[in-house]
Amino acid sequence: MAKKDYYDTLGVPKNASDDDIKKAYRKLAMKHHPDRNQGDKSKVSEEKFKEAKEAYEVLSDENKRMAYDQYGHAGVDPNMRGGGPGAEGFGGFAEAFGDIFGDVFGGQRGGQQRGGRQVYRGGDLSYAMEITLEEAAHGKEAQIRIPSWDDCNTCHGSGAKPGTKVVTCTTCHGHGVVQMRQGFFSVQQTCPQCKGTGKLIPEPCVACHGVGKTKNNKTLEVKIPAGIDDGMRIRSTGNGEPGTNGGPPGDLYIEIRIKKHEIFERDGDDLHCAVPISFTTAALGGEIEVPTLAGKAAIDIPEGTQAAKQFRLRGKGIKGVRSSYPGDLYCHITVETPVKLTEHQRKLLKELDESLKKGGARHSPSEEGWADKLKSFFSA
């Protein structure tokens, strides 16, 4: 019995667009699917479903449709359909709808492919580097040792034992992916047999265990930019783990950790430091030297300076990697109380104390002295 014309089966003209063919098949598949016609003992719906499926498989494929248009049924090789329409049962319904819905949702079918195989980018690596505050401020060049992956010297990168060969995966036929059906959807997944490589290694190389690469170490020159801050990362492109199936390597991220400084604390581009002075300098004033990252600087301490007084030295901080100007240095004054006094020093301090008490509030930095505040509190 002669086969029915595929266009007539779907009810579309010979110049129908791909979208029209999909819509026609979807309509027929929904109408004649056996799950929707379980009471049809004559199997008419089942046969119509198979006919629609066979027609769709040919007309939805550009090459098959071209051959069918030119040579009719004789131009379509049934082996290209995996044994004819009956060999897959009703799976074509899910496959067809998987194609239709795949177009709706962007038609994504797994990762990037190269030569039919799944291509994967290598993983990124991280490396923690500890530097001083001075090195962070001025920048530096350093050498680090990182892992590297080179072609195995025994198998020359093939992964196969010398004298043996790598064979094509029989599960995915070298594509690295297989079609999995889930309900009405057709999903492409990485081949579980070859893990996406498209090939199998019957006898792995004993030196690299079939990987084709061996792990070594290499020295990498790293340039630390001036102004880098704690927690910032430097990316070294292509120095991560190798990719799979010719995929690009990952990157190396060098994370900067700045050692705690004995004098300075960093806050963005600014620096802070505590500057101790004697109580006589605080009272009488004078010039003192303070440290900076570039050397020493002088500060004029006015008489009567109190503890926690802050002095700002503009431009004595750090110029950050994204800054146009350096930050500032903030000097926080602490007043030191003398210890281990001699009898003579004690006598002088007592005399000073008596003199200050007689002066009362006028010697206090506040408008009202502490003694006056207490007197007011207890008399209230």
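Every residue, even glycine, has its Cβ placed from backbone N, Cα and C.
As the structure is a computational prediction, the values presented were derived from the model and not from experiment.
Listed in Swiss-Prot:
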- 1-48: region 'Disordered' (REGION)
- 5-72: domain 'J' (DOMAIN)
- 24-34: compositional bias 'Basic residues' (COMPBIAS)
- 35-48: compositional bias 'Basic and acidic residues' (COMPBIAS)
- 139-217: zinc finger (ZN_FING)
- 152-159: repeat 'CXXCXGXG motif' (REPEAT)
- Cys152, Cys155, Cys205, Cys208: Zn(2+) 1 binding site (BINDING)
- 169-176: repeat 'CXXCXGXG motif' (REPEAT)
- 191-198: repeat 'CXXCXGXG motif' (REPEAT)
- 205-212: repeat 'CXXCXGXG motif' (REPEAT)
- 357-380: region 'Disordered' (REGION)
- 364-380: compositional bias 'Basic and acidic residues' (COMPBIAS)
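When the domain 'J' (5-72) is classified with DSSP, helix, strand and coil residues number 50 helix, 0 strand, 18 coil.
Take the repeat 'CXXCXGXG motif' (152-159) and the stretches 169-176, 191-198, 205-212: counting Cβ pairs under 8 Å, 205-212 has the most.
Comparing Cβ neighbour counts within 10 Å across the binding-site residues Cys152, Cys155, Cys205, the minimum falls on Cys152. Model confidence over the repeat 'CXXCXGXG motif' (169-176) stands at 86, taken as the mean pLDDT rounded to a whole number. Counted with DSSP, the repeat 'CXXCXGXG motif' (191-198) comes out as 0 helix, 0 strand, 8 coil. Contacts of Cys208 (Zn(2+) 1 binding site) defined by a Cβ separation under 8 A and a same-chain sequence distance of 6+ are given as Cys152, Thr154, Cys155, Gly159, Thr214, in order along the sequence. Helix, strand and coil counts under DSSP for the zinc finger (139-217) come to 0 helix, 35 strand, 44 coil.
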